[in-house]
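Below is one structure; the comments refer to it alone.
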Amino acid sequence: MNTFGHLFRVTTFGESHGPAIGCVIDGCPPGIALAPEDFVHDLARRATGKTRHTSARREADQVEILSGVYEGVTTGTPIALLVRNTDQRSKDYNAIARQFRPGHADYAYWQKYGIRDPRGGGRSSARETTMRVAAAVVAKKWLARRGVTVRGCLVQIGDVVPRSHDWNAVEGNPFFWPCAEQVPELEAYMDALRKSGDSVGAKVVAVADGVPPGWGEPVYGKLDGELAAAMMSINAVKGVEIGDGFASVAQKGTEHRDVMTPDGFASNHAGGVLGGISTGQQVVVSVAFKPTSSLRLPVEGVDVDGHVVDIITTGRHDPCVGIRATPICEAMLALVLMDQALRHRAQCGDVGEVAPRIPAARDG
């Protein structure tokens with residue numbers, strides 16, 4: 001499927017080296033101010049070619065609004081957004097057009113469709129996430145009206161973790177890293193990886209503040225379940241945690257339970273979700289990215305005729321895809337929250353605020 005969401009639905013289309021990529025947003029409420037310049041900041045955060053630590057591909061990523069907006073305001077009709085591809089280099093993929101690269105979607109796509117677009121990964125390229133970020137610009141605007149904010153940061157590259165956490169440092173470096181003093185260390189790490197021709201994995205955390213209690217469904221539409229599915233739909237993601245996630249395995253029940261008092265929650269191990277429904281605490285999602293398999297180091301593989309071949313991937317690639325994944329994780333969090341908010345309003349809008357409202361834990 002190429003469509004995400006229930007009431008706030010986003011359909012993306014296009015391939016990495018096609019003429020354009022785009023999306024259609026259906027179910028967007030009317031009355032949201034929206035102009036092409038609104039997309040510039042978030043798309044620039046996601047873009048490649050900004051530093052030596054990401055792919056050298058440089059796209060303008062200028063959004064064209066084709067429908068759904070009149071005199072700078074959303075009308076409630078489908079919003080069509082288009083971004084034209086301008087820096088494709090398809091010749092880089094001629095040598096591997098009939099080969100299955102290890103760790104890539106090549107073989108799986110071939111088995112499913114019997115045909116594939118080898119240029120830049122085609123539909124399986126991270127280029128597709130441009131339109132997720134664009135759609136989330138709309139969602140973030142709507143959520144902000146309701147006091148909900150979304151942000152994220154990189155919290156692990158290989159075995160390197162932040163020595164401290166300062167949200168103010170995140171936007172000041174190309175890694176979205178929360179510890180400014182470690183940035184030179186990360187740059188040296190990335191330079192060494194690129195020189196060796198290898199890659200490394202990463203972990204991103206995305207959080208939402210201001211989410212009221214009540215968003216989400218108790219069984220099949222759980223907020224955390226849909227967040228997990230949303231994050232797993234991102235290229236190269238191999239794991240998702242809500243709150244403490246897998247660390248919960250080593251915890252005792254007396255540690256993990258988030259004690260409530262009239263003054264607030266004592267902790268937030270659950271990541272802001274209980275029973276599939278938001279609690280009013282900070283929603284916390286952690287996402288694990290595998291190391292990219294696009295390496296210039298030769299490896300043995302198989303071609304479409306079943307013959308053994310030596311595969312060397314050329315082209316422009318990231319030594320760590322997690323470096324520019326923070327805006328993408330933020331986008332999927334925002335899209336899920338807006339869809340869940342609209343669904344909650346449709347069914348339970350008349351319920352109103354129910355007492356008691358327990359404040360969130362001070363640390364999130």
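Even glycines carry a Cβ here, placed using N, Cα and C.
Since the structure is predicted, the reported quantities are computational estimates derived from the model, not experimental observations.
Marked as NADP(+) binding site by TrEMBL: R46, R52. Summarising the annotation, TrEMBL assigns FMN binding site to R123, S124, S125, N235, A236, G275, K290, P291, T292, S293, S294, R316.
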In the structure shown, with every protein chain counted, which of the binding-site residues R46, R123, K290 has the densest set of Cβ atoms within 10 angstroms of its Cβ?
R46
Cα-to-Cα gap, S294 (FMN binding site) vs R46 (NADP(+) binding site), nearest whole Å:
19
R46 (NADP(+) binding site): secondary structure state under DSSP, collapsed to three categories:
helix
In sequence order, which residues at least six apart in the same chain have a CB under 8 Å from the CB of A236 (FMN binding site)?
A126, F289, K290, T292, V321, A325
Protein Cβ atoms within 10 Å of S125 (FMN binding site), excluding its own:
19
Among the binding-site residues T292, S294, point out the residue whose Cβ has the most other Cβ atoms within 10 Å, with all shown protein chains included in the count.
T292
Going by DSSP, give the three-state secondary structure for R123 (FMN binding site).
helix
Cα-Cα, whole number of Å: S125 (FMN binding site) versus R46 (NADP(+) binding site)?
14
R46 (NADP(+) binding site) versus R123 (FMN binding site) - Cα distance in angstrom:
18
